[in-house]
Amino acid sequence: MPITLQPLTFCVFTFGCQMNKHDSERVAGMLEALGALAVEAVEDADVVIYLTCCVREAADTRLYGHVSSLKNTPLREGSPVSKRIIAIGGCIGQRDGEELIEKLSHVDVVFGTHNIGSLPALIAAARDDGKHHVEVLDESSSFSSDLPTDREQPWAAWLPITIGCNNFCTYCIVPYVRGREKSRPLDEIVAEAQRYVDAGVKEITLLGQNVNSYGRDLYGQPQFASVLRRVSDTGIERIRFATSHPKDLTDEVIGLFGTMPNLMPALHLPVQSGSNRILQAMNRRYTREHYLGLIEKLRAANPDIALSTDVIVGFPGETEQDFEDTLRLVQDVGYHQVFTFIYSKRAGTPAAEMVDDTPREVIQERFERLVDVVQEQAYLANQSERGRVVDVLIEGTSKRDANKLVGKSPKNQTVHAPLPDGLAAEELLGRIVPIEITEAKTWYLGGTLCQ
Ligand code: SAH
Ligand code: SF4
Ligand code: F3S
């Protein structure tokens, strides 16, 4: 008999990266297709689902706090279940499996990163027999993209082109919880992109832990540049991609930033460290010089490209000199945005076995010095937008002011603009409109809509 989840209500909490955000759209789509109703608040939900992240310790801790607090939240009036069903999936589900139930006994369902398609059956089983149901697989047999989807924004879509990762950076848990890299056949990617274009989607973000190594496991070894070309040919207005590993970024892809009008002029290129010694200990397989060479080529292809990066502070054995090399690199590149992380030890990774004796206060102080530089640079980088007219994809209105439009520039900057008199925000949602920039702050731009 086919499963029905009517009249259950559910809400999904998503932690972690875009892979999880994408998975949560599939979870919502699947459950809705079986008759369950999505709600915003846990108080209204018969089923609460977590898509979890374990990339740093803080993400782990957050889940435990959240799930524990559910114990004291009463069920809604008229709920068809006698106990709220709690399901944990994503990267912690994959890593811990059965152990999660030992740690959090009121959790009912655990699933992993390779089997989100099993979730409806696991929820139905827990509802019917009140027992624990754990299913974690070692490998994926298919892409979750084949499942129905309930996209967060109708005009923007995430499109996974690879899953997993083969790089084994020594600090990182991702290859252990997402498995080996698998590429999706090119025709399937293009077909999905075309469906989005036909449905009025304006922006597609191609996803993978390292999109640049796309295709190595496929017949004929199609390259990432071909994916970009084929997706561009669908007529989509905006293309972005994340994430790129510097060791695999090709000259061909770099060149496209100068020649492909719908490829947005923004690239996230995680450097992690500016010290060759640390890069080697991280198993990143590039040098500072190689990275800076890529930046030079990117700027030659498109002088106006916006660059962002990730940096880890306090990797085991990082010296003051290593840190200063990182600081200098960040200063030299002039990033629009830098995501800064303090190294977090992850059990089972090679770095967890390395001598790690830098005092906490020293790492904290380095982190703060880096953040100061990052903010200064983000502010400076935004100044060049003043006086320009920028195409902005309108995503909504400000939470604090319903008369303020909020959207994204081609460089992925957040842009605010007052809603012009006589226009309703709904008319502009999902449209790309010209905005003249009059204000440039550290984390956003302000301007007025050109009529
Ligand atoms: N595949 C992507 C992103 C992976 S996780 C990439 O390689 O760029 C996102 C970021 O988290 C990483 O770029 C890294 O900066 C950070 N990160 C990963 N593991 C970490 C750890 N153990 N401690 C601190 N930061 C970490
Ligand atoms: Fe982690 Fe490195 Fe893979 Fe990124 S490339 S997911 S940092 S192992
Ligand atoms: Fe976190 Fe898993 Fe993504 S560990 S960063 S949600 S791949």
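Placement of Cβ uses the backbone N, Cα and C atoms for every residue, glycine included.
Curation does not apply to TrEMBL; its annotations are automatic.
Now, the feature entries from TrEMBL:
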- 8-128: domain 'MTTase N-terminal' (DOMAIN)
- C17, C53, C91: [4Fe-4S] cluster 1 binding site (BINDING)
- 151-380: domain 'Radical SAM core' (DOMAIN)
- C165, C169, C172: [4Fe-4S] cluster 2 binding site (BINDING)
- 383-451: domain 'TRAM' (DOMAIN)
Residues within 8 Å of the C165, C169, C172 Cβ centre (excluding the [4Fe-4S] cluster 2 site residues themselves): N167, F168, Y171, I173, V174, P175, Q209
Alpha-carbon spacing, C53 ([4Fe-4S] cluster 1 binding site) to C169 ([4Fe-4S] cluster 2 binding site), which is rounded to whole Å: 17
CB contacts for C172 ([4Fe-4S] cluster 2 binding site) [other CB atoms within 10 A, all chains]: 21
Residue pair C169 ([4Fe-4S] cluster 2 binding site), C91 ([4Fe-4S] cluster 1 binding site) - Cα distance, angstrom, rounded: 17
PLDDT averaged over every residue in the domain 'Radical SAM core' (151-380): 97
Spatial neighbours of C17 ([4Fe-4S] cluster 1 binding site) that are distant in sequence (at least 6 apart) but have CB under 8 A: C53, V55
Close-lying binding-site residues around ligand 3 among C91, C165, C169, C172, where CB distance stays under 6 Å: C91
Secondary structure content, the domain 'MTTase N-terminal' (8-128) (per DSSP, counts of residues): 58 helix, 22 strand, 41 coil
Sequence-ordered binding-site residues from C17, C165, C169, C172 with Cβ under 6 Å of an atom of ligand 2: C165, C169, C172
